[in-house]
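Novice: Here's the feature list from TrEMBL:
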type	residues	note
TRANSMEM	28-50	transmembrane segment
TRANSMEM	62-89	transmembrane segment
TRANSMEM	109-136	transmembrane segment
TRANSMEM	143-162	transmembrane segment
TRANSMEM	168-185	transmembrane segment
TRANSMEM	217-239	transmembrane segment
Amino acid sequence: MLVWIGENIFETSGRLELESTGSGDDTMAWLSLFLQFAVAIVGFIIWSVLDRRRSSYNDLFYWFRTILRVFVSFFMILYGFAKVFLVQFNEPSLLDLLQPFGDMSPMGLAWAYMGYSPAFEVFTGLLEVIAGFLLISKRTQTLGALFVVGIMTHVAVMNLCFDIPVKIFSIHLALMGLVLLLSDIKRFQYVFFRKHNIKLSTDYRPINPRFNKAIRVFKICSLSFIILGAIALRGLIYLEQRKDQIRDEFYGIWEVETFIKNGDTIPPLTTIDDRWRYMIMETKGSTVVKKMNDSIDFYYFKVDSIKNSISIYKEDNTEAANNFYIEQKDSLHLKIKGLLDQDSLKIHLKAIDLKDFTLINRGFHWVNETPYNK
């Protein structure tokens, strides 16, 4: 149906991705939102006509608010633990350190900003987790809703301003928090603006009191499942990411000092497309080559310490093995020579001291005599 709506109403043929791309704001997501809005309007009109004589919806409102609380709480805890476990934003990679600021995408800039400081990422994650926990109890649900509105409004604005493709969902979470807050707005006003004493809330409960014990057990089991599930999911992702981020033994940024191809020494000129400028070894099993024209090639990278050789190859050439001999004079200098794509290469590399990057060496200072805004 979404495809039909897209092709016949919005003329979006050729832009419909049926498989997930990781974007929450793709064409299919907007078409789905349009369909949901249309169904809601039609349903509202039909309901208003057929059920126009009913004066209140206490039962429906109770369950609506309960389901909304559980839904928002689950995703606040889930997203919160993603930050607490440092899996949502990664610290800038070695390749990022070499990337010109102007070449960064707005989303990449936001990710680098959030990922640069693990402490800040954990702090923002804890706020989201706290908001999720506050929504669980009826006694703190209004405070939790206030947290959600503040936190998710900030997230939604960040998504809008940095073109992060989670705009639809983040706005929905902010609006859901607002609905929960408005459902208790009078008590909120009495506490914060009118300074009146208020009694404990006596919410309408459509459930027979004799089921209270069973409901209490169900709540505990459900909350345990949500909390432990969120922790387990993010924990597994954390372990998987850390496994992929095991440092290579030649970890670092290596600058190419001499590049000899088929016997010819290639000068370091930006007009030469295939001359290597940097070789970046960050994660075990892979390497990144940045050329003089700033183009990037990704290679698989394996070390055979017994044969004193390495394999550098692309995915479509998995048969390449031990195609380079390696010689390391000291920790700062490396020589490799061998064949790559039928070309004979002899490359001299020098390690760049990562502490030369201001982003790494600046650190934290309680005392700043002058602003250091470079």
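Cβ from N, Cα, C; glycine included.
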Novice: Hey, which of 62-89, 109-136, 143-162, 168-185 has the most Cβ-Cβ pairs under 8 Å against the transmembrane segment (217-239)?
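Specialist: Per the Cβ under 8 Å count, 62-89.
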Novice: What stretch in 109-136, 143-162, 168-185 has the biggest tally of Cβ pairs under 8 Å against the transmembrane segment (62-89)?
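Specialist: Out of the listed stretches, 109-136 contacts the transmembrane segment (62-89) most.
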Novice: Under 8 Å between C-beta atoms and at least six residues away from its ends: which parts of the chain pack against the transmembrane segment (143-162)?
Specialist: 72-73, 76, 106-107, 109-110, 127-128, 130-136, 170-171, 173-174, 176-178, 180-181, 184, 188
